[in-house]
Amino acid sequence: MTALKNDRFLRALLKQPVDVTPVWMMRQAGRYLPEYRASRASAGDFMSLCKNPQFACEVTLQPLDRYPLDAAILFSDILTIPDAMGQGLYFETGEGPRFRKTVSTLADIEALPIPDAQQDLGYVMDAVSTIRRELNGRVPLIGFAGSPWTLATYMVEGGSSKDFRKSKAMLYDNPQAMHLLLDKLAQSVTSYLNGQILAGAQAVQIFDSWGGSLSSAAYQEFSLAYMRKIVSGLIRENDGRKVPVIVFTKGGGLWLESIADIGADTLGLDWTCDIGEARQRVGSKVSLQGNMDPTVLYARPEAIRQEVARILASYGSGTGHVFNLGHGITPEVDPANAGAFINAVHELSAQYHV
């Protein structure tokens with residue numbers, strides 16, 4: 001494969017020296033960009049974007065053509081795995097993801113197949129290899145998947161949820177069923193991420209979007225334990241380089257020490273954590289990614305710059321920090337403000353890497 005022209009993202013994840021703090025944004029290929037909206041209109045709908053490797057490649061590269069980002073992230077969706085299990089994923093306009101089938105009993109879960117990454121999710125692997133080829137070494141490519149708990153909530157609820165009442169009822173009423181579902185999902189995520197790595201992903205991230213909804217005890221048993229299982233099963237070196245693993249639990253600030261213990265290279269932080277305190281708490285065990293509040297991007301560029309400066313100062317000197325938002329960029333953000341954010345990270349961080 002082509003040598004990387006910019007590897008500071010991978011170097012920071014592995015706590016190797018960098019010249020400036022690398023930066024990318026969760027959902028950087030998204031609705032805030034007019035070129036993304038045009039591609040989505042051409043594709044017809046969101047899933048057609050995901051399932052066509054050429055469209056997926058096109059939208060993955062759009063933010064890189066606009067901004068000096070230090071990483072690309074595969075354009076896809078965390079719900080491709082439940083879709084490949086036969087749940088029938090579709091998107092209602094303005095309502096987010098829905099499933100035609102849900103799981104509610106042990107029998108439902110026992111009947112679920114474990115998808116084959118190449119056969120059932122081959123379109124994702126094709127997208128990864130297409131993007132790697134088109135990137136031609138500009139920056140590394142990140143692959144990703146949802147955490148078992150997060151995927152399970154969508155499969156049990158049938159879509160997004162405010163209180164996760166069906167998922168949590170199953171967790172407490174029928175833990176055997178929930179554990180079986182999570183185990184099947186952990187196996188599926190492991191093979192899916194390994195497929196992405198073999199197709200060319202140079203780092204992978206596990207998105208535990210709803211882990212923070214759980215009690216401390218339930219988080220350890222029903223979310224963290226399964227992410228640990230995935231991390232232990234991932235390919236960690238490919239194409240002559242280490243493949244770093246990032247784990248991100250939104251709302252996981254209470255459990256940073258536990259998350260840092262599961263064997264991942266990097267811990268993603270949401271905006272409710274102080275990154276300097278997080279660095280003290282986890283020590284040298286992992287690198288950190290984050291963690292500006294995405295809504296800061298609605299402020300003026302000078303205010304964005306001030307917040308970037310504050311977070312950089314909180315983290316302090318040295319490598320081991322990848323700058324990101326504390327969650328995904330939102331659709332109404334002015335693209336110029338995203339550019340101001342990225343430029344501020346590069347301009348203001350050099351002093352911390354002398």
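Count begins at 1; order follows the chain as displayed.
Glycine residues also receive a Cβ, built from the backbone N, Cα and C atoms like all the rest.
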Among Tyr154, Tyr172, indicate the single residue that Swiss-Prot lists for the substrate site containing Arg27, Gln28, Ala29, Gly30, Arg31, Asp77, Ser209, His327. Tyr154
Hey, which of the binding-site residues Arg27, His327 is the loneliest by Cβ count within 10 Å? Arg27
In sequence order, which residues at least six apart in the same chain have a CB under 8 Å from the CB of Ala29 (substrate binding site)? Tyr36, Val59, Thr60, Gln62, Pro63, Ile73, Phe75
Minimum Cα separation from Asp77 (site 'Transition state stabilizer'), reported as the residue among binding-site residues Arg27, Arg31, Tyr154, His327 that achieves it: Arg27
Max pairwise CA distance, angstrom, over record-listed substrate binders Arg27, Gln28, Ala29, Gly30, Arg31, Asp77, Tyr154, Ser209, His327: 23
For Tyr154 (substrate binding site), the same-chain residues 6+ apart in sequence with C-beta under 8 angstroms from its C-beta are Leu79, Pro82, Pro97, Phe99, Ser160
Tyr154 (substrate binding site) in three-state DSSP notation: helix
Tell me which residues of the chain lie with their Cβ under 8 angstroms from that of Arg31 (substrate binding site), as long as they are six or more apart in sequence? Arg37, Arg40, Pro331
